[in-house]
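*Asks:* If you scroll down you'll find the structure; I have some questions about it.
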């Protein structure tokens, strides 16, 4: 029988598998099936796969690297998150492995006793046999000086964390004291109760969330990714200067600008000059970083920015200090001035000619400030830009206007249906019927907003309405002689009719129609306490009027209030409203607007088209009262004005219109 010899091909195959080459250099090419000869003719498929794996060094090393990386991440994760056993590297699944060295490190409860307890290296090895005398067990309790050093480092880190926590705790206490001081700014004689205001209702944020099945907390980025605004601000740094954090137009507009910049990929830091107000929590929710210091730290942050936007004339002091600290800093500043009174100009005039650009809200405001500059011989560095405010996405979304927050399930048509449901729910909470007309005015309560004059006008309107109702009632009484037996019944009937609340008109079966006034914003830090007291005194002296007035607290959740209202009144005095953010918001919700014939209101409201205008001061009280009565009597005219106002807002005052104008500011002011 012929002797079977190991072929050279088999030797070559084994050799090549170890070297990582398929065939040795200079050898003839052999078919792949011949590289790994079969043993006995079976298992060729599995053997070929194993041989291929052994011959592929790249796969082998990739697998080892993956396992090693996973192991490293696991150990690092346990070290970072397992506070109780940070130095037990050999723990897996929460159990100690008994077949390897067990590192037993004594834990120290006191921060100063860690080094003392582990200053010496103790090694104790115990060897023993079990009952069968076969297996051996070695328990090693090991503590090295390296562990001492690591735990000293850990101790120092813990001390540092403790110190930082203590510092933060002190800061929180300080902030709490400051917050308490701000709360004390509101007169303690004016607690936010019905005993003070008579009828205080709201806010209705929870009801709004329940009905709409959506809340601003669910909002995501609203940036238009294809806009020039996004292209210009992407990866840029901005510093926004807030003069305060009250729930008024300027701070809210700056907050929404910061949110838009963040959603478009910019880095935003907020410098807050006064923390008076309630927007800090909202800034935190929107992840807007607030610089802790309004001095040196804010100046260093501003120097690194591509553009600084100051949001009020009250920011004058910070701008002046910053330019003294950094003389070339004026070229970084775009000053968005939102006030239109002479005292604000006098405060701002020392630095008006030093900033890069002035931004105004309306043409009338721009003309007024430029006139004052000419009178004071101030020459600004560049032509001012007009950037009017806009209706934000959240309010437009609830109003049923197409916005970036719409989804297939929350289309504008669907939101209009939900808004009608919200209107009915809020009016029920306010105690209103469908026939009642709710007149609303939301702003800080001070003489410049003219709320007391509004109360006087409502008193005139109610008085005239009562007289009209009495005249109509007298016209329905037939002047005929009656016998003495019926006289008593007629008088009783007359007394009964007069005891019923008066209605507008005398049509049979007509639903009672009341005029109600909703005033905000109670509790705002911008309110003038003495002025509020004067209004409350006026109400107490007019008992019938107090039954028609509803108060509501200051809030940023105003969609429910706009949905419930029928008419909005802006009665700003002096030179009028600078622009009137609330005016365009009310128009977006289809409300007829009654306003003073001055300032930005005159530019927004078209008389007899989108609303009604009246003169300022007490001379305008009678015209304001007549306007309210006209809208009360003519529901169709009121609704038509609301429709026209909504169309104007959609055409001119949406978010895309505002940021399109902001592009001009960015191009002219921002660093290249």
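Cβ coordinates are placed from backbone N, Cα and C, and glycine is handled just like the others.
Keep in mind that TrEMBL annotations are predicted by a computer and have not been checked by a curator.
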*Asks:* Have a look at 17-47, 48-78 and point to the one annotated region 'Disordered' in TrEMBL.
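*Replies:* It is 17-47 that TrEMBL describes as region 'Disordered'.
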*Asks:* What range among 399-431, 432-464, 465-497 does TrEMBL record as region 'Disordered'?
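*Replies:* Checking TrEMBL against the ranges 399-431, 432-464, 465-497, the region 'Disordered' one is 465-497.
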*Asks:* Pop the mean pLDDT for the domain 'Glycosyl transferase family 1' (533-647) in here, whole number is fine.
*Replies:* 95
